[in-house]
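S.K.: Supplied in structure tokens, the structure appears directly below.
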Amino acid sequence: CSKLCYAVGGAPYQITGCALGFFLQIYLLDVAQVDAFYASIILFAGRVWDAITDPMVGFFISKTSWTRFGRLMPWIIFSTPFAIISYFLIWFVPDISTGQVMWYLVFYCAFQTLVTCFHVPYSALTMFISREQSERDSATAYRMTVEVLGTVLGTAIQGQIVGKVDTPCIESPFFFGLTNSSVAMEELNMTHDTESLTDTRNAYMIAAGVIGGLYLLCALILLLGVREKRESSELQSDEPVSFFQGLKLVMNHGPYIKLIAGFLFTSLAFMLLEGNFALFCTYTLGFRNEFQNILLAIMLSATLTIPLWQWFLTRFGKKRAVYVGISSAIPFLIAVVVLDSNLFVTYVVAIAAGISVAAAFLLPWSMLPDVIDDFKLQHPSSPGHEAIFFSFYVFFTKFTAGVSLGISTLSLDFAGYQTRGCSQPGQVNFTLKMLVSAVPVGLILLSLLLFKLYPIDEEKRRKNKKALQDLR
């Protein structure tokens, strides 16, 4: 029961993150009608700020005193209501002629800060559930199953509510004669804009309200069903060490650096795919009214295969699961671009790609506790740095993801992206193909090379487990 309640607590981060990841770019460009250049600034700055707040929150958590609720739970309690409010305001189009870009930038950054105050202590809570690595692995598998289910909910709620409304598009002026193109565009704007665009904006706000309610419900289940165990993370020789001393020790720990380097490029690959997939389906594949269902197929497939990967890593080891799971995405990323646009083939590719997405979700969080245990053996007199491990792990992936998403949106701007266009120029379609296929494949191949250097295999894990039991 405790592990199930713990797992439910991971859903808010994934539900909101999935909705933002898949839909914020197309929302800013085609619904809020923010210029592509400024949209790239919002996405870049929001992600970078999100990355910066992770180690900041990790620092303040390490300075937090234990209360009757624990050391981590108070952060989750106080951040939740403000996170829900700021999330809703991200999907609201303000009736202001100037300052719209600042509106989205402020509330996007505010939400990223508040959700970090929820997710960093929640992630570190893994180390306070039990001393047994098998129990932590089991809790992580529960959590990953619910988190991938959260991405399904985020995709389904946002996609199905928004997909019910037909967002108006504008034909390219090149389809009209040069002499009357401006007149035609003006007539189309007047015809398409007002009512349909208002319905689309209302749909985004309804979806935000539903997701906000789920955020609150999941947070309450976590708080009522999980007890933070202080003794689970402590060894016999515990003595306090300062945050910066701990940070220096953590960043000099070889297995940690090799693990985050490998998953850094894996995360980049999947975040590029996530951020540009809605635009790719809408414009390059031509499935304007189907992309939300294609996304749902990917996430449902990922959810159903999480138990398969949990069995695989316990049977064959985590390193082998990394090689098989992440590399299996490559042929499908290539196929979706190389094959002709066909809805049935696209669904087949989406379902197959979801299997690899499941591995990318589960494996990083399953391997990180092994690194922390290895660190504890090498530094038994330096406890209490779990939040540093988790926060900087997230920091590196988010920072580079912010850079990549900013650059990808800027690339679309340079390619000539047309806001609310019914179709896009050839350069935009080529850019989208690169962003969802060629670049992610290259990043995955690079990450697989880096994982060869990761030193903690199954034999090493067993030795560490025995040594930790003796030390305690």
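Each Cβ is built from the backbone N, Cα and C atoms, and glycine gets one as well.
A TrEMBL annotation is a machine prediction, not a hand-curated record.
As annotated by TrEMBL, transmembrane segment applies to 12-29, 72-94, 101-122, 203-226, 259-285, 291-309, 321-339, 345-366, 387-410, 430-454.
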S.K.: Report the listed stretch (12-29, 101-122, 259-285, 387-410) having the maximum count of Cβ pairs within less than 8 Å of the transmembrane segment (291-309).
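M.R.: Against the transmembrane segment (291-309), the leading stretch is 259-285.
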S.K.: Count, for each of 203-226, 321-339, 345-366, 387-410, the Cβ pairs lying under 8 Å from the transmembrane segment (72-94), and report the range with the highest count.
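M.R.: Per the Cβ count, the answer is 203-226.
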S.K.: How about the transmembrane segment (387-410) and the transmembrane segment (101-122): at least 3 CB pairs under 8 Å, pairs 6 or more apart in sequence, or not?
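M.R.: In this chain the transmembrane segment (387-410) contacts the transmembrane segment (101-122) - 3 or more Cβ pairs sit under 8 Å.
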S.K.: Of the listed stretches 12-29, 101-122, 430-454, which one has the most C-beta pairs under 8 A with the transmembrane segment (259-285)?
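M.R.: Out of the listed stretches, 430-454 contacts the transmembrane segment (259-285) most.
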S.K.: Considering pairs 6 or more residues apart, do the transmembrane segment (101-122) and the transmembrane segment (12-29) have at least three CB pairs under 8 Å?
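M.R.: They do touch: at least three Cβ pairs between the two stretches lie under 8 Å.
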